[in-house]
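S.K.: The following block contains the structure, expressed as structure tokens.
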Amino acid sequence: MVTGPDMLWLVITSGIACFFMAFVTGANDIANTFSTSIGSKAISIKKALIVAFFFEALGASLLGGTVTDSIRSKIINFQVFYDTPEFLMLGMCCALMGATVWLAVATRAGLPVSTTHSIIGALLGFGLATGNMKSIKWEKINNIVISWLAAPILAGTCSAIAFTVLRMLILRKKNSFEIIKKMYWFLIFLITLPFSVFLIFHNPIVINTQCKMKKDGKVIVSSPCYIEDWSAAHSFYASIICILLSSLLTAIGSFVIYIIYNKRINNYNLKKKIFCEELADIEKNPQNNFCAINNSSLNSVASNETQLTQAHNNTSNGTKQNQVGNGTKSNNNNVLVLPGDKNVKSQQDDSKTNGTQKTGSVEAYHVVHIKDNGSEDKSHENMLKKNLDKVTNMNENNNNSNKNNNSNKNNNSNKNNNSNKNNNSNNGNSNEGNGKGGDPKNMENVIIENFDPQTEIVFSSLQIISAILGVVAQSANDTANAIGPFAAVFNTYNNGIRGKIKVQWYILLFGGLSMSLGLSIMGYRVIKTVGMKLIKITPARGFTIELISGLVVLFFSICGIPLSSTHCAVSSVIGLGLVEAKMNADNKRHARKSMDKDIIQVDKDKSFTLTEKIKYPFSFLNTSCVNLRLFRTVFLSWILTVVFSATVTAGIYSFAAYSPSYIMKMQTV
């Protein structure tokens, strides 16, 4: 046991460093969990913080001990420091400092880096700075390095396959909404089952009672009772408990999700009926989203409103309408249709006949009911004007941007196509949203395949469950990054370096709360990068990313192997983006022309077609929907993580351990 005031300062300093390490871990790694949910608008930032605060602390307290032991005892060889435990404590403190410095720099730049790589690199720097190569368990490092490569590849591949299967079985079906209503409970079960297995079979919680346990292949009766050892000795009963727990969580989750998605669909339908489909999305998506659509789902969203209007307008001899102000009044005097009936084609024909053509503006589609006395019902007038003001501001901004784009095109008209693409990429004017040349801040404008809005709403509700899984999985894995070195210092001070390894629950809880605080204050920077700049994320895509990355992290955590949850999340995003459907040349030209307008107007039958039947997931990869330029920067930061953390830690440790004053003091003891 290392006690006394001389070493107490190391415990206090390590505790402070642990707090800042957990803080930046939450701002970087935990932000990855909610980046896809926030990027797809499935959950607000306030609700995300509430969910993260609770489940991060819960996951860290219940499940964080398994990987924490891997971080602190499977990388550094404690036997080398049996005679000098104070140097072990100093090295762990320096490792926390070195990793924190790099994570703070990366988070400030909005780069999603690996906290696991940071702390392992810092521990390697500490081990190398001691000058004793035996202080590092190199055989364990090999397994960790393999997981660094295997986990991202596995996450990206599984994400691509899962989205392809989901798109084929549900999203592209005409009755996708009816299918997902019947199947969403199964998706919830896929989320809860691995969590239940981890909770029962790999739970580091200790109960102060006597029980039958299995340790080192032998069944013994001992006290205290370790839950994971009890599960190993009673595998059948533990499996039954897992299934029952998963079923219970699925039932509760299904009930909650049913209420949430029905409420969201009702709100969406209400907005659609009042303001039309385009205006219904303005509040949710302030920026314009230019998408090619593979079915008539988005056009059919307003079918009820269109049928209502046509029912009043149709007569036996055709449709006769009288112009009333800026609107169009039908013959039965019960409905007033503001400019822009959903029948875009007939409206364009009328404009051509009158010698006028409207372009570059958004028109409001709204059914206004007329009272029996002929006066207009103005109950929704204020709300309509509010949204029309939003559209007007959008038009003004887009008209200015269109002028700039046109001037840029005129300046580049004498150059060849390749130089045009390069210049456009430099100006951030890539209409196709190509990741090679597109503006990283404008991935919301890429051309991707859209699905039924009501189906997407169900997936946006499911993202709440998948985000919770991601938080629990990352808390189980990432808590170790901050808590592991501090736990080594704390236990060495209290129990000695030869004492039994034990991670107290309050230390894990302290780490979980610190990470939640970091997410609340600085997490928005990484959320923007992963959730909004790499690819365009919709609820169905976000759910797939969160589900796969969470399952991969849980799998490696069950094995007790520390891995990068950041690499899993980003790799899932990239893997899904690479299997986005490709558009043919005609649709690309149509999209380019439509990009000059505020909203793309498409026909139902010609809106989206594939160049051919693509054999997924690896026959043809689509890089136009992935911001490869930003991913290249992120990938380089991954490589730099280990080197930077190791260098900074080695420098701090060398200065602290080998400074003359400290050595002289140690020699006089």
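Here, residue 1 is simply the first one shown, and the rest follow in order.
Using N, Cα and C of the backbone, Cβ positions are placed for all residues, glycine too.
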S.K.: Ser239, Lys47 - same side of the membrane according to Swiss-Prot, yes or no?
M.R.: no
S.K.: Which range out of 7-27, 144-164, 240-260, 543-563, 633-653 gives the transmembrane segment (109-129) the most CB pairs under 8 Å?
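M.R.: It is 633-653, which has the most Cβ pairs under 8 Å.
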S.K.: Is it the case that the transmembrane segment (633-653) and the transmembrane segment (87-107) touch, counting contact as three or more CB pairs under 8 Å in which the residues of each pair are 6 or more positions apart?
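M.R.: Checked: the transmembrane segment (633-653) vs the transmembrane segment (87-107), in contact.
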S.K.: Could you pull out which residues elsewhere in the chain have a CB under 8 Å from any CB of the transmembrane segment (240-260), counting only those six or more residues past its ends?
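M.R.: Here the qualifying positions are 184-185, 188-189, 191-193, 195-197, 199-201, 458, 461-462, 464-465.
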S.K.: Per DSSP, what is the residue tally for the topological domain 'Extracellular' (524-542) in helix, strand and coil?
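M.R.: Taking each residue of the topological domain 'Extracellular' (524-542) in turn, the totals are 14 helix, 0 strand, 5 coil.
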S.K.: What parts of the chain pack near the topological domain 'Cytoplasmic' (28-47), using Cβ distances under 8 Å and only residues at least 6 beyond its ends?
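M.R.: Residues 56, 103, 106-107, 112-115, 284-285, 459-461, 463-464, 466-467, 470-471, 474-475, 478, 481, 515-516, 518-519, 523-532, 537-539, 541-542, 545-546, 565-566, 569-570, 573.
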S.K.: Residues sitting near the transmembrane segment (87-107): Cβ under 8 Å, six or more positions beyond its termini, same chain?
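M.R.: Distal contacts: 2, 7, 10-11, 13-14, 17-18, 20-21, 24-25, 27-28, 72, 76, 78, 81, 113, 115, 118-119, 121-123, 125-127, 129-130, 481-482, 485-486, 488-489, 492-493, 497, 522, 525-526, 637, 641, 644-653, 656-657.
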S.K.: Can you work out which residues elsewhere in the same chain, 6+ from the ends of the topological domain 'Extracellular' (130-143), have a Cβ less than 8 Å from its Cβ atoms?
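M.R.: Result: 74-77, 80-81, 87, 91, 120, 123-124, 561, 653.
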